[in-house]
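Feature list (source: TrEMBL):
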type	residues	note
TRANSMEM	35-58	transmembrane segment
TRANSMEM	78-97	transmembrane segment
TRANSMEM	103-127	transmembrane segment
TRANSMEM	134-154	transmembrane segment
TRANSMEM	166-187	transmembrane segment
TRANSMEM	208-225	transmembrane segment
TRANSMEM	245-268	transmembrane segment
TRANSMEM	273-294	transmembrane segment
TRANSMEM	300-319	transmembrane segment
Amino acid sequence: MRKALLLINCFVLSIGHCGGPLIMRLYFIHGGKRVWFSSWLETGGWPIILLPIACAYFHRSRTLPSSENKFFFMKPRLFIAAAVIGTLTGLDDYIYAYGVARLPVSTVALIIASQLVFTAVFAFVLVKQKFTSYSINAVFLLTIGAGVLALNTSSDRPENESKREYVSGFVMTVGAAALYGFILPLVELSYKKAKQEMRYAVVMEIQMVMCLFATGFSTIGMVVNNDFEAIPREAREFGLGETKYYVVVVMSALIWQCFYLGVIGIIFCSSSLVSGIVIALLLPVTEILAVIFYKESFHAEKGVALALSLWGFLSYFYGEIKQSKKGNPPLHLLQSEEMPSFPNPNSNLPQSV
């Protein structure tokens with residue numbers, strides 16, 4: 001059941017990670033200019049999470065006594081942690097949207113792949129993640145890949161965009177990768193320090209709270225920037241038409257929810273590092289889709305960066321396979337002695353889904 005849940009979350013994450021930047025870029029290509037609004041859309045679809053939470057509640061009502069069944073299981077300690085992480089996520093959403101507004105999707109995807117480096121570093125500091133020579137090699141290769149991209153920052157600069165704007169977008173995207181590399185281990189640390197039984201129902205509640213506070217952060221930015229007043233005018237002037245503008249907006253909100261649910265679901269089933277690995281592993285898919293749909297250039301630097309990234313992924317997974325053949329648990333399942341034992345989701349999973 002746990003492996004099946006992991007695979008499901010990987011699939012959900014792939015939808016959000018590949019579709020999210022593509023539809024966000026579609027908004028900017030056809031006349032959208034509101035960065036705060038774009039960041040708001042990344043988490044603004046949070047109410048949809050209430051649907052699976054309600055379904056899980058009614059399912060439990062048939063199997064659990066009413067005294068044991070609750071609509072929300074999250075305790076105040078975990079709620080506060082989710083609120084703080086959500087606020088950081090809101091900041092990261094804005095930085096990321098700023099980068100997507102100025103860079104091609106293929107370039108953004110390659111830069112975001114470097115978040116695995118930051119995830120690995122922060123996972124080592126926060127949750128005592130253990131490393132082998134293979135995982136260190138993967139981190140090194142991804143770092144070099146991002147550096148290769150930085151050597152040529154103008155060959156794929158969009159038309160009517162200054163070099164200064166392009167460089168600022170590049171720097172902001174690297175910042176988004178670094179911040180999200182910090183957020184992923186922080187989510188894992190929250191799970192370990194929650195002092196309550198972790199069920200998948202709680203994972204969905206965490207996502208809802210995170211997205212709620214991230215949306216609140218972006219809402220403040222929209223109010224200050226007068227985005228709410230500008231949306232109707234922007235819809236009328238949208239290159240694909242007013243109706244398709246709102247279709248893009250709604251689909252963006254829904255697709256990004258898939259990303260966040262997949263991320264925290266994988267952390268629940270495995271670890272933050274594995275979540276970062278899966279995000280990076282989807283890089284070739286995003287690259288291919290960007291070239292197909294937006295006719296983006298794929299110059300030599302991108303090819304080298306992509307090859308280094310794939311080499312890094314293969315290095316990591318090869319190390320995991322060797323570790324398994326030795327009869328040891330994969331590195332991402334090892335627990336630090338300082339951390340409390342992670343409750344086994346299998347024990348209560350049928351009741352909590």
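Backbone N, Cα and C define each Cβ position, glycine as well.
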Looking at 103-127, 166-187, 208-225, 245-268, 273-294, which one has the highest count of Cβ pairs under 8 angstroms to the transmembrane segment (35-58)?
208-225
So which residues does the transmembrane segment (166-187) touch in its own chain, when a touch means Cβ under 8 Å and the partner is 6 or more beyond its ends?
85, 88-89, 91-92, 95-96, 98-103, 107-108, 111-123, 125-127, 129, 146, 150, 153-154, 157-158, 206, 263-264, 267, 272-273, 275-276
Close approaches to the transmembrane segment (273-294) from elsewhere in its chain (Cβ under 8 angstroms; 6 or more beyond its ends):
10, 13-14, 17-18, 21-22, 25, 29, 104-106, 109-110, 112-113, 115-116, 119-120, 123, 129, 135, 142, 181, 184-185, 263-264, 266-267, 302, 306, 309-310, 312-313, 316-317, 331-332
